[in-house]
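TrEMBL annotations:
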- 1-23: region 'Disordered' (REGION)
- 95-152: domain 'CTLH' (DOMAIN)
- 268-309: repeat 'WD' (REPEAT)
- 313-354: repeat 'WD' (REPEAT)
- 500-524: repeat 'WD' (REPEAT)
- 525-560: repeat 'WD' (REPEAT)
Amino acid sequence: MGGVEDDEPPSKRLKASSGDLGSLTSNSSIVEPVLNGLCDRMAKPLTTQGSKELIGPKGSIKKVEFVRIITKALYTLGYEKSGALLEQESGINLHSSEVNLFRDQILGGKWDESVATLRKIGMPNGYALKSATFLILEQKFFELLEKNRVMNALSTLRHEITPVCVDAKRLRELSRYIVCSSQYGNIGFSSKDMVGQNRYLNLLEEVQKLLPPTIMIPERRLEHLVEQALSVQRRECVFHNSLDGSLSLYSDHQCGKDQIPSHTLQVLQAHSDEVWFLKFSNNGKYLASASNDKTAIIWEVSESKEVSLKHKLIGHERSILTVAWSPDDSQLLTCGVEEAVRRWDVNTGSCLQIYTKAGLGIISCGWFPDGKCILFGLSDKSITMWDLEGKEVECWKGQRTLRISDMAVTNNGKWIMSMCRESAILLLDREASVERLIEEDNTITSFTLSKDSKFLLVNLVNQEIHLWSIAGDPKVICKYKGHMRTRFVIRSCFGGYEQSFIASGSEDSQVYLWHRETGELIETLSGHSGAVNSVSWNPVDPHMLASASDDRTIRIWGLNPVTLKPKDVCANGVIHCNGNSR
């Protein structure tokens, strides 16, 4: 069960060798009627209030900051009376009197006065003070041009803006508008911002970004803090696997295992021999499988999540080792064991091109991100790039790949990855001709690149899977253990919501699932009767997982059928493509 003969291709058998902008101040006349009616009935501010008073279950929140942020949120949401009332009742002002004056001056277009007040606010960063001053004086400059007061604008530019200039390029642009003052709007504020109060509101928002948060609370600070808390809860939830990105604020978030695809929904039985590889298309609408029976199959995923045979691809003279989807999913590559690579039309199932290299075998293949070129790993250990018509475009000679090899290309086309030694993966920068190595202590059997091209999942002969971060200096950030691998090439994959999970096949006939960040083994899926060689998680549907086995079947895993609508499964939830059921 899952065994192979001595003449099995080496690719299958592995050697074991080596918004408060419109808010009101606390003494605003608009809220006076409210205050007069409510203040007597509300609790007075605590006499112990101070900048160091701490609140919260753990006593780690500064009360002044907490109240100010809530006040800011009320104003941003448009609850101006409530915000003003909170300032009055708590005795904690959102802004100091200087900041309130500064805001009023900006919104009133009083540029000289606002610059003078800005210097009194007490900004510790001299560069930020200059930058804020520059923005204010720039607005003054544009308004003078707008009023055709060119000489005044020139004086402002020379004697006020130039001394505080923090952007020489911008200063030159402003100078050109003295010559062509009628066209100043082209690089200044857009026409829609040059009229009415919007211009001043936009300026205040830009200036606020330069002020320390203790002086002016950043916009939507409370929403930002809440979103951060929700993100932490989502990351710490081992079973979170839902496309619904909204989480409730009423209770701490916690998912159950019911979100993990752990139930067999279909068993696909169209291959007549071991199934070695499978891969969902980028859009999740198709699944391709490769088999020792010398065929590949394109399966179609319906809207009801039922998988059915679309095309059986026949033509290879040897077993098919891998498949690769084109970036737009319109074409599929199938790679025979040291044989030819064939390119197929997904819609019609017809063979569009056969790629061969005289005297050499092709052992791996992959698409370049633009879909116009194909990469091949050759039996002479070189890597070559061809256009779709079969013309060689580029070639990298030397120890670039192995007889047993995977291949990947980053989304930007910059890095090509291939196994160059038994225990090393080559990262080749095709633009700068720079090479980096990911080196392991044990033999590498396969690897997979993450969707964002920042991580590599590396399967090892010692029954471990290592997650490498390759965004900077390559390093192992997590290890996954528990599955069995003694003789065969076993493949793993990323998957689930935001690729939060790791799935792998195993020689004990099971599928193993880990939480990506923690490395915790969360589920083992039983059902196959032979070694599970390859797994693929639907990139669009986090609740659909596929596995390929030596038992000649493909299993489609999903959520518990009890929780699905009746039409989502057939009979007992197991469907055989040949019409049999059990």
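Glycine is no exception: its Cβ is also placed from the backbone N, Cα and C atoms.
Caution: TrEMBL annotation is automatic and unverified by curators.
These numbers come from a predicted model, not from an experiment.
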Inset, instruction - Would you mind listing the long-range same-chain contacts of the repeat 'WD' (500-524), meaning Cβ under 8 Å and 6+ residues beyond its ends? - result: 1-2, 235, 238-241, 257, 260, 262, 457, 459, 465, 467, 478-488, 490-494, 530-535, 537, 545, 547-549, 551, 555, 557
Legend entry - Remote residues contacting the repeat 'WD' (525-560) - C-beta distance under 8 A, at least 6 residues beyond either end: 1-3, 241-243, 258-269, 271-280, 282-285, 287, 289, 291, 299, 301, 305, 307, 451, 488-497, 501, 503-513
Inset, instruction - List the helix, strand and coil residue totals of the domain 'CTLH' (95-152) as derived from DSSP. - result: 46 helix, 0 strand, 12 coil
Inset, instruction - Summarise the repeat 'WD' (268-309) by DSSP state, stating how many residues are helix, strand and coil. - result: 0 helix, 23 strand, 19 coil
